[in-house]
Amino acid sequence: MTIRTFIALDLPEFVLNRIIELRDSFFENVSDLKWESRNKLHITLKFLGDTDENLIPDISRSLADLADRYSPFSLKISKAGLFYRNGKPAILYLDFLENEYLLRFHEEIENIMENFGFKKENRKFKTHLTLLRIKNDRHLNRIKNFTKLGIDLPEFISDEITLYRSILKPAGSVYQPIESFKLNNRRNNGA
């Protein structure tokens, strides 16, 4: 049997709080946008997609080994931006200052997952956090103005990666942690 999986960096609570405050204050009188829920705010390192459940223990061991070789590192949100699909804004995201250490970490994840048969991503990795999936043009000017804000959120330490299961439901996907891995291999089972 297969399950949908991905690997992500979670954000500390204080950063999530600041993101939600910033978003809610800027879009105070707008109630009809479908924001990503707080528990879905993360940085995706690798979307694996359909994954044979029998591979999960080996993937977990490989991620634990990887986490053992890396130390916690700092990240900082730099600005908001838009990803476009067919020339139209599709996703509002938060962008991060480039971090060479994270780029090396991500490249190792790509290499490890390729050994399990997952295709390597061709595009350059862009550290980002999805805030909103844009479904129509309503509020588009306001959304574009949000990308012009000077965003000053605190730098934070990232010290854990999580292997997630993504369950598709009619109301949207639900994410369940399978296992988390503290950098330097302090393991924390997710269920």
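For all residues, glycine too, the Cβ spot is worked out from N, Cα and C.
Cross-referencing 42-45, 46-49, 54-57, 74-77 with TrEMBL places the feature motif 'HXTX 1' at 42-45. Long-range contacts of the motif 'HXTX 2' (128-131) within the same chain: residues 11, 19, 23, 35-36, 41-43, 77, 80-81, 91-96, each at least 6 residues beyond the stretch ends and with a Cβ under 8 Å from a Cβ of the stretch.
Each residue contributes its Cα atom, and for His42 (active site, proton donor) and His128 (active site, proton acceptor) these two points are 8 Å apart.
The most densely surrounded of the active-site residues His42, His128, judged by C-beta neighbours within 10 angstroms, is His42.
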